[in-house]
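Each remark here refers to the structure printed beneath this line.
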Amino acid sequence: MEGTESRSGTVSSAVADWSLVFWTLCSVILPVLITLWCSFQRSRRQVLIRDIFRKSKHDWHYTDLFGQPSYCCVCAQHILQGAFCSCCGLRVSEGCLKKADQLFLCKEIMMRSNGGAHSSMPHHWIRGNVPLCSCCMICKQQCGTQPKLCDYRCVWCQYTVHDECMMDCLKTEECTFGEFRDLIIPPYYLSTINQMRKDKRTNYEKVVPYCRKHWMPVIILANTRSGNNMGETLLGEFKILLNPVQVFDLSKIAPAKALQLCTLLPCNAVRVLVCGGDGTVGWVLDAIDEMKIKGQERYIPQVAILPLGTGNDLSNTLGWGAGYAGEVPVEQILRNVMEADGIKLDRWKVQVTNKGYYNLRKPKVFTMNNYFSIGPDALMALNFHAHREKTPSLFSSRIINKAVYFFYGTKDCLVQECKDLNKKVELELDGERIKLPSLEGIIVLNIGYWGGGCRLWEGMGDEPYPLARHDDGLLEVVGVHGSFHCAQIQVKLANPVRLGQAHTVRLILKSSKMPMQVDGEPWAQGPCTVTITHKTHALMLYHSGEQTDDEASSMSEQDHMREQTDEDV
């Protein structure tokens, strides 16, 4: 009996052990299998969604959470996540994507040809998800107040109408294109131009009366990789308000190719809004110079700036601000572009010729819009760029970028890598040799702002000096004693060492290697000769918004600049 009991106890113990092992394995393996299954289903779903996106005529984007209460345009159900079209504004749940493609047309960038010329088009109404605080064009009462899919919005003029105010006549009524009619390229204009090209006619000016008298079509060029990564959001908002054919992502298409749209539009009428940093603006201006070389001067556009970079000194000089973080609605930005005044901006050729009898390389040639420098600020830029190339993912915020600049500036205050610069270089202004005091850096300015918002030439503003302008063919040349001196100038506790103004600047680096930069693009340079001469003018747009205390000292300069522009016109 005892043997039987011991055997049964051993068997039950083994069963219990195996049962524990089994359930332990289930508790480990089952979540893994569920996770793998969910991952497979998610990837399969993403492949299907991408396939729908690729085949669709809508510009679909998927979001995990809509920014405002949203309803599916197909099933009318409330949705937290789903797809939205960045061109027409449709919002649908994931399961209704295919139906939405079949039921709703997206914005037409070009009207279908019916054998005749068009000079108008009807409204294109989309039901539901109207903008907050929008008013009905019929009764003038607020739309979209009910918690359901309701009311209509025209994707072109952005007018909204209540369900009960919608009449049959509105569905066929001619669309006026709303507030931004003077900036939008109408689809019927492009269809007419397309027909003219087929007929080998190029007198596009005759088509302008089909649109309007004061037409100034705008082209949006956005760099989605600039500064605070707002470019992607801005692209969608501009596509909603304008014709999507006017909006370009510079990470996918080069400015030179995008600007060829200007050749299909009236001469001297096009305005370009560059969304990016000063480097992006320089890239676009280089593409405009290429248009001049191709003989397309009459199609040259005027350029406005929406500052998305880190420094944004050119944008600040032209009145567009020191940085954009979404605080101003896109509609107001377009109004500013319409109201902006045309001015000229000097562009300069910077030629760097290496020294040495056996040097067979061609001189390096740059185009300068903002400034050239040698010394501590160029060293900070060089260290910053080296750090950003190693870990680009860290530099996605304007605040982080400025913090890194501050770190390297503080480091240079202690190390002083650029000391005794005056013993290593010779400076000539318009052929005249300048005797240099003890310096660590030399900066050649074309614009009023430098170093992320500092008016360097003016300094503290307590000394008389000739005014600095960016359209007079003159460069301002200053010296700094080091990184700490630069910081003092930025907070108006010190003045720069003003070395003079000149039409031509020549700088000779006699020995050693020194950091240099042109418009924020730095490099380490050995013995060389740097020659800066005038290259051309760029047509820019100046926004005369509210002035800050820093700008008060340059009021007379801006007034004189506008007077000079009016005389030129």
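Glycine too: its Cβ is placed from the backbone N, Cα and C atoms.
Remember, TrEMBL labels are computer predictions, not curated facts.
Taken from TrEMBL, the feature compositional bias 'Basic and acidic residues' applies to 557-569. Look at TrEMBL and you will find 57-106, 122-175 tagged as domain 'Phorbol-ester/DAG-type'. Summarising the annotation, TrEMBL assigns domain 'DAGKc' to 213-354. Residues or ranges marked as region 'Disordered' in TrEMBL: 547-569. What TrEMBL records for 20-40 is transmembrane segment.
Non-local neighbours of the transmembrane segment (20-40) in the same chain are absent; no residue 6+ outside the stretch has a CB under 8 Å from one of its CB atoms.
Residue counts for the domain 'DAGKc' (213-354) under DSSP, helix first, then strand, then coil, are 58 helix, 34 strand, 50 coil. Model confidence over the domain 'DAGKc' (213-354) stands at 91, taken as the mean pLDDT rounded to a whole number. Taking DSSP states H, G and I as helix and E and B as strand, the domain 'Phorbol-ester/DAG-type' (122-175) has 5 helix, 13 strand, 36 coil.
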